[in-house]
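Engineer: According to TrEMBL, the record shows the following:
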DOMAIN    1-36  domain 'EGF-like'
DISULFID  Cys26-Cys35  disulfide bond
DOMAIN    38-74  domain 'EGF-like'
DISULFID  Cys64-Cys73  disulfide bond
DOMAIN    76-112  domain 'EGF-like'
DISULFID  Cys102-Cys111  disulfide bond
DOMAIN    114-150  domain 'EGF-like'
DISULFID  Cys140-Cys149  disulfide bond
DOMAIN    152-188  domain 'EGF-like'
DISULFID  Cys178-Cys187  disulfide bond
Amino acid sequence: VDLCSPNPCQNNGFCQPSGTSFSCTCQGGYTGSTCQTIANPCLPNPCKNNGFCQPSGTSFLCTCQDGYAGTTCQTIANPCLPNPCKNNGFCQPSGTSFLCTCQAGYAGTTCQTIANPCLPNPCQNNGFCQPSGTSFLCTCQAGYTGTTCQTIANPCLPNPCQNNGFCQPSGTSFLCTCQAGYTGTTCQTIG
């Protein structure tokens, strides 16, 4: 009696007589004494780096952890593709994560926030800083001028001395040297 005729092994398994019995050699994806069971392709887990295995017929699909890619999650993914940095920020891979270098005027882990251009205050000499988009405007204290109030203003421009008086800067103030016949702080008095 041929125990392998007809073939008792299912799913195209190969039957091998063995004394008064037989054994089946199963095709890939099947298991059991007669190859009757679809094997679990996720045992043992073929997904690397803690990937999650999902059976798919006789095969499997891996759902990879963040930072990994490939059919078995075997590849470290480039965390900068696509670029997670907003507003033209520069992305630098850092292991399975990334670091963003933000353009001027932006801040945050992904450069998503408009930075306060007045922190720290760029206005010198106690100037008042007013944000203006990603830039700023300085309102200078009396006696100072310039984009950041960095320049001592010339108190003689325009000339405060009247009647052709000569103006001499004195710190943030001025002194007038009056023409003959004039007196006063600004040479305003005939005398």
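Backbone N, Cα and C define each Cβ position, glycine as well.
Neighbours and distances for these, please.
Structural biologist: A Cβ distance under 8 Å defines the sequence-distant neighbours of the domain 'EGF-like' (1-36), meaning residues of its chain 6+ beyond its ends; these are 57-59.
Cys35 (disulfide bond) falls within neither a helix nor a strand when secondary structure is assigned with DSSP, and so counts as coil. Long-range C-beta contacts of Cys35 (disulfide bond), restricted to its own chain and to partners at least six residues apart, with a cutoff below 8 Å, comprise Cys9, Gln10, Asn11, Asn12, Gly13, Cys24, Cys26, Gln27.
Under 8 Å from some Cβ of the domain 'EGF-like' (38-74) lie the Cβ atoms of residues 26, 28-31, 95-97, all in the same chain and six or more residues away from its ends.
For Cys73 (disulfide bond), the same-chain residues lying six or more positions away in sequence with a CB closer than 8 A to its CB are Cys47, Lys48, Asn49, Asn50, Gly51, Cys62, Cys64, Gln65. The secondary structure of Cys73 (disulfide bond), as reduced to three states from DSSP, is coil rather than helix or strand.
Across the domain 'EGF-like' (76-112), the model assigns an average pLDDT of 91.
Applying an 8 A CB threshold to same-chain residues 6+ apart, the list for Cys111 (disulfide bond) reads Cys85, Lys86, Asn87, Asn88, Gly89, Cys100, Cys102, Gln103.
Helix, strand and coil counts from DSSP across the domain 'EGF-like' (114-150) read 0 helix, 13 strand, 24 coil.
Helix first, then strand, then coil: DSSP counts for the domain 'EGF-like' (152-188) stand at 0 helix, 13 strand, 24 coil.
A 10 Å cutoff on Cβ-Cβ distances gives Cys187 (disulfide bond) a total of 21 other Cβ atoms nearby, all chains included.
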Engineer: What Cα-Cα separation, expressed in whole Å, is found between Cys187 (disulfide bond) and Cys149 (disulfide bond)?
Structural biologist: 30
Engineer: Which residues, sitting 6 or more apart from Cys140 (disulfide bond) on the same chain, put a CB under 8 Å from its CB?
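Structural biologist: Spatial neighbours, sequence-distant, of Cys140 (disulfide bond): Cys123, Asn125, Gly127, Gly146, Cys149, Ala153.
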Engineer: Six or more residues out from either end of the domain 'EGF-like' (76-112), which same-chain residues have a Cβ under 8 Å from its Cβ atoms?
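Structural biologist: The answer is 64, 66-69, 133-135.
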